[in-house]
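*Asks:* What TrEMBL records for this protein is below:
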SIGNAL    1-22  signal peptide
REGION    42-92  region 'Disordered'
COMPBIAS  47-56  compositional bias 'Polar residues'
COMPBIAS  67-81  compositional bias 'Low complexity'
REGION    129-155  region 'Disordered'
REPEAT    224-257  repeat 'TPR'
REPEAT    258-291  repeat 'TPR'
REPEAT    295-328  repeat 'TPR'
TRANSMEM  346-366  transmembrane segment
Amino acid sequence: MHDRRAAMCYGLVYILCTQVLSTNSRTSTLWKLNTEEGKIVSGTGGSNCKLQSSGAGESKMTAAGESSSTTTGSSNNNNNGDESLVDPYHPEEDEDSTFQIITITAANYRDNTWRRHARGKLIVNLPKATPDSEGAAANHKGTANHPTTSPESADVLDCGKPVNFTYYDDLIGVAQRYSHPVVPEPEVAFLFLKKKGPKSLKNFDIDALERRLRKAKAEKPRSVQLYNQIGNFWRIKGDARHSIECFRSALAMAPTNAEVLLNLARVLFNLQYLDDAIHLTRRSLEVQPRDRSAWRQYFTLGEIFKAYGHFQESVNHLRQALELYPQYEPIKKAIADVENISASSLHIFTVIIIIFLVMCVLYVILSSNESSQNNHELEQKAARHFNRAMAMRSLKGFTQRSFKNRK
């Protein structure tokens, strides 16, 4: 018994030693990043690649130096251009390898995927240059000596330099503001109208609104209300990036402004960022002053829940909005639409359930009929077998009696 325990202990020690040897760093493969190839290679392969690349760079440098000493000035310029293309190995690149991986990788939050870019192309959230801006920049360069260019045609109505941080930058719709499509919201023009009606909306002049906002910006450039109005102006045009930037600037100055939060929620709702929209709308409802009506928050929540497919919650919020603002016809129309959708879906589900129950009843009836027929056949077979056995017994008894009578 003692020998068996000692053998087991020796076996465990042997297994532990082999495991340590197999995982020892002296025998394991050293992996490192090859910044030239853009992939992970073994330590020996990576060093060889580095030596080869550095050797090739030195040979190119010497060749360029010899050619530059024997050629003219024009050829010297060409050789200098060739030398600028040489990329010798620098030890500090290994220290920045992690930074390079981070900066050339972009995340797609909607699809939960990653996208890699070429080396040297950093992923920075910067606005893309539009053809109009490029043409304006070219005209500005061409007419630098002629100060007759209109400032309104060269400058874009914005809210100044984008702010560095707000409490809502972690929302996906806000983080991806540079890649949003153009989604105009013409109904936002009602916010700027004194007399709200279909005829006044048709006569709405967006150019006059832009001139008025530019004048207000010149008089008071930093104002929460001005940033909010400029953001709504870009909502009418469908430029989500400029509108979100203006709302961010306003929220940087007033993080609990209920109106700005609701407008940002409407932008993200139209872009189908429903989670972000419902978060901002609920936050706007929390910070809404008690002396102001919250019908717009309830109306927005009703529309968001309708998009989610939660029709009962949508109707509840829309009815709360209708109680606070009974004269607003779009609320009544939205309630009617949701009730019709829920009724039609309920009717479809009812029909499906009835069909399923009928199929179940038919299956039970058919299976019971088959089982009854099988039982009946078995009973008939058993009766036949019983009758045959009784007949054989009676015949046997009759023959025995007749044989006794003969004796």
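Keep in mind that glycine also has a Cβ here, set from the backbone N, Cα and C atoms.
Keep in mind it's a predicted model, so treat the numbers as computed, not measured.
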*Asks:* Which residues of the same chain, at least 6 past either end of the repeat 'TPR' (295-328), have a Cβ under 8 Å from a Cβ in it?
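*Replies:* Cβ under 8 Å, 6 or more out: 258, 262, 265-266, 269, 272, 274, 277-278, 281-282, 284-285, 288, 334-335, 337-339, 341-342, 345.
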*Asks:* Let's see if you can do this one: DSSP helix, strand and coil counts over the repeat 'TPR' (295-328), in that order.
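*Replies:* The composition, in the requested order, is 28 helix, 0 strand, 6 coil.
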*Asks:* Over the repeat 'TPR' (258-291), work out the mean pLDDT and round it to an integer.
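*Replies:* Result for the repeat 'TPR' (258-291): average pLDDT 95.
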*Asks:* Quick check on the repeat 'TPR' (258-291): DSSP residue counts for helix, strand, coil, in that order please.
*Replies:* 27 helix, 0 strand, 7 coil
*Asks:* Take the repeat 'TPR' (224-257) and count its residues per DSSP category (helix H/G/I, strand E/B, coil), listing them in that order.
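*Replies:* DSSP classes over the repeat 'TPR' (224-257) add up to 28 helix, 0 strand, 6 coil.
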